[in-house]
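Visitor: Reproduced below are the annotations present in TrEMBL:
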DOMAIN    56-185  domain 'TFIID subunit TAF5 NTD2'
REGION    236-281  region 'Disordered'
COMPBIAS  238-247  compositional bias 'Acidic residues'
COMPBIAS  259-269  compositional bias 'Basic and acidic residues'
REPEAT    391-426  repeat 'WD'
REPEAT    433-474  repeat 'WD'
REPEAT    475-508  repeat 'WD'
REPEAT    517-558  repeat 'WD'
REPEAT    559-591  repeat 'WD'
Amino acid sequence: MAQNKTDLLAVLAVVKKYNLKATEDLLKKEAGLADIPENVAGEAEVNSVLAAYKSEGDPDIYENSYMELRKFVEESLDIYKHELALILYPVLVHMYIELVYNSHEVQAKKLITKFGPEQEYYYQDELAKLAMVTKRDEMSGNDITDTFKSNAFTIRISRDTLSLLKRHLHEKKASVILNIVNEHMYFDLYEGVARNKAQCDATSGAMTGEAKRQDNKIKVYYGLLKEPDVQTLVAAPPEEDDDMDPDAPDKPKKKKPKKDPLFSKKSKSDPNAPPLDRIPLPKLKDVDKMEKIKALRESTKRVNLGPDLLPSICMYTLLNANHTVTCADLCEDSSLLSVGFTDSSIKVWSMTPMKLREMKTAEQLKEIDRDAEDVLIRMLDDRKAETCRTLLGHSGPIYRTSFAPDRTMLLSCSEDCTIRLWSLHTWTCVVIYKGHQYPVWDVRFSPHGHYFMSCSHDKTARLWSTDSHQPLRIFAGHLSDVDVCIFHPNSNYVATGSSDRTVRLWDVCVGTHHRLLTGHKAPIYSLAFSMCGRYLASGSADHRVLIWDLAHGHLIAALTGHTASIHSICFSRDGTIVATGGLDCALKLWDFTKLVDDISGENVNVSHNPDVRDGEPYLLRTFPTKQSPFLTLHFTRRNLLLGVGMYELGV
């Protein structure tokens, strides 16, 4: 009886929604529901009741309805055709799910076999997985069916195109499609002319359609934090008192030492930068400040790159490593190289003549003067120095390593679902971070240290700090593996790339996503922020590098030319050049300055994405390796480009 009353209330809510006053009064009278409160049936109840009825009837109707819809799309005017075609894929998927749910396996199989191959190439993997679900019992726990049942498929569409579609569906009384459109699709409306084929293709491809404009409305503080004042630590030459000597009145006075021009310029505040106290960052120690001074001095010797002055490239090839090396990473000052292996070991090499020293024993440390300025150097034992160190502890293949900015620690993640923090003084594991339930694909230190990010097969990314066993934030929202993560240069945001073919930008402070970027047609395996922090480059298994403007969340360029997955992207230190390396054994250099100059002259249409620029005019040069796919790329402080790859037979 209670269920019947719920059904009646839900029907009453539908009647009320469409303002059918006479029908509402008659139903109330017949059912004896005279004194019921307003809005008694919620939207969820209405949907659950309608769901019980929507699939009743002849299962053969589905095929005819889909054919009618396809015919309508094909015969529409060219101006509307491309946006209308976007609804064919989600309609087909939901038709298949409904047929399987209602035990019409034969019709479901016929439908997906007939119309599946017509869909875009980037949906074929999902359709193949969906076709394996042939019974209602197999639907529970299935990633594809769960994703489509719990997420509306988003399509950005002009108001005129949507009016045309709704008019057609009502005229044809296509109730099956109408139900799917109303319940499982979200139309992100905009005023203006409908998009053309290229514009529709540019942002389509994600598992659940395009990003809503609302997803990219929040302001992003993409500017860089103001550099700390390190001038106080610069050692000034000792002052001479000879000019005050009464015995030498004729001696010329010593000139005052000039200020170092490197530190005389005050760093300007970036208007787009977040407040310095927005997230707590570790205080700089004197050692860190001295390292910053060293980096600043080195940057003065940096080569300014451009189309006429390309970087010198040094390629490190790992031999005898076929199918055993999984990842490689270089530290910020290019002095250390770490490589992860399938046998769960990590090797660290010194890239300079200085060998890797180990800390002295506890007995020897007692004899050291703790107040000495060079106490850290005294703690290390030169006699045990080696050019290569091996770290053992994981119980599965290593998927990523990451050096701390101060080069005292190393992070690693593995198939064993753990993250380990290693000391580069004692060469031992100091912490094991557990939290992910599945293999961890990537781990990255924050540019400011202390914090680090991880991402996993469990569809989440997590923010950690080195002093806590528990994650500080869990970033949930991706619909498939999160394959890659990276910190923004100001440490206030992190970007993640996923097998759901989307890139998301998350706010570290509040834990929500502020940008949802769609356009890739395959899983995303590499990410890199520009030096200014405004642009994000993402590389994918679709052989393309996409450049995004984080100010508006727009896709601005697609760099094409690679013939395999792109696993490494790197911006030069002066931000003028982007280097991309792929599994096609090719390194490409792109003119980023020219791209930004071309974009800044355009008026951006904020209602829907601007035209995406083709990358060909910006390609400066391609460098092929013999048979070495790229594992990582890294620009040194002086803009020398380092590449690491492994020699593979038969590539």
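Note that Cβ sites are derived from N, Cα and C of the backbone, with glycine treated the same way.
TrEMBL does not curate its annotations; it predicts them automatically.
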Visitor: For the repeat 'WD' (475-508), what's the model's average pLDDT?
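Guide: Overall, the repeat 'WD' (475-508) comes to a mean pLDDT of 95.
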Visitor: Give the nonlocal contacts of the repeat 'WD' (559-591) in its own chain as ranges (CB under 8 Å, at least six residues past its ends).
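Guide: Apart from its flanks, the repeat 'WD' (559-591) reaches 299, 302, 304-307, 310-311, 313, 522, 525-532, 537-541, 543-547, 614-616, 618-639, 641, 643, 645, 651.
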Visitor: Residue counts in helix (H, G, I), strand (E, B) and coil for the repeat 'WD' (559-591), per DSSP?
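Guide: The counts are 0 helix, 20 strand, 13 coil.
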Visitor: Please spell out the DSSP helix, strand and coil residue counts for the repeat 'WD' (433-474).
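Guide: Reading the DSSP string over the repeat 'WD' (433-474) gives 0 helix, 22 strand, 20 coil.
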